[in-house]
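A short write-up of the structure that comes next.
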């Protein structure tokens, strides 16, 4: 993998340096927050996980909302899926959960990337034959026009060269990180670009690339990545995401392949991410200051069992009186910690996804 792809002009290099400085400064500040191990972080991670699953699958064409994703994940014992969207949600959930819980002990290797891909497609009925295996057919990126014509945007790596180029990419990433020869954010940005350009799998390349991004961010000390959804930022910037990729990939395989547009997009997405996380944490903590342990217990029960009725909570939390639960539910709705739907005996409560 040629480091010459990072030979940015002076103006772009200054922008890159500024963005890296801002992200690393936040990384330092976040370390002191994370060391406190408060309950807000656990809640933020739950929310980020749901948003990541929803966004990453929607980028590839799924239609499930974050709320629908949350309901599916809460009902993890499902054994039959109603749609391909549900299959993709469970696969992404399982792969992401493993990364979030074990990132520090996961080594970047060809075998792990293949394993991650196999988990991602574990529940996808149409992908069983090629899950966890490199492509055996070309998968060039093409543009489709209204008149029926197609134009090749760029040629991805040929199937017979895929294993070689993947191993070269992995070796370079591991060496660059171990030797600190290139800033880790540049390493991650280049790695993701290379992965998407190789397009090693018949299906699931985009989702795998976003899992790889999270893994590498956590592996290189950017722990805040688990508390806010990077995938959600990419979904919001989807058109620009594809535009910058295609712009830089047009010169793939030539001496002029400089990935400044992609790298600036990648780093600016992380900049947006830290700004959102900082604001979200402050807002969440401020609201959380009004919530006592009993009310937190009610929120947790609702999250685990939702949607729930008043009687469900009374039975599930027998140490609390009906009067107390009613008062707490009213407060939690006012504080926008939970949502209320229906009327009288049909009223149900769910935990708001943005809390």
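Glycine is treated like the rest: Cβ placed from N, Cα and C.
These figures come from a predicted structure and were not determined experimentally.
In the three-state DSSP scheme, residue 60 (site 'Important for autoinhibition of adenylyltransferase activity') falls into the coil class. Annotated site 'Important for autoinhibition of adenylyltransferase activity' per TrEMBL: 60, in sequence order.
Secondary structure from DSSP puts residue 102 (N-linked glycosylation site) in a helix. Non-local neighbourhood of residue 102 (N-linked glycosylation site): empty, since no residue in the same chain at least six residues away has a C-beta under 8 Å from its C-beta. What TrEMBL records for 102 is N-linked glycosylation site.
According to TrEMBL, the feature domain 'Fido' maps to 108-268.
There are 20 other CB atoms within 10 A of the CB of residue 199 (active site), with all protein chains counted. Under the heading active site, TrEMBL lists 199.
Close to residue 205 (ATP binding site) in the fold, though at least 6 residues off in sequence, lie 195, 196, 199, each with a CB less than 8 Å from its CB. The ATP binding site feature in TrEMBL is assigned to 203, 204, 205, 206, 207, 208, 209, 210, 241, 242.
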**OP:** Based on Cα distances to residue 60 (site 'Important for autoinhibition of adenylyltransferase activity'), point out the closest of the binding-site residues 203, 207, 241.
**Re:** 207
**OP:** Identify, in sequence order, the residues in the chain of residue 209 (ATP binding site) that are 6 or more apart from it along the sequence and have a CB within less than 8 Å of its CB; answer 'none' if there are none.
**Re:** 192, 195, 196
Original post:
Does DSSP put residue 203 (ATP binding site) in a helix, in a strand, or in coil?
Top reply: coil
**OP:** Look at each of the recorded positions, 60, 203, and point out the one with the fewest other Cβ atoms around it within 10 Å.
**Re:** 60
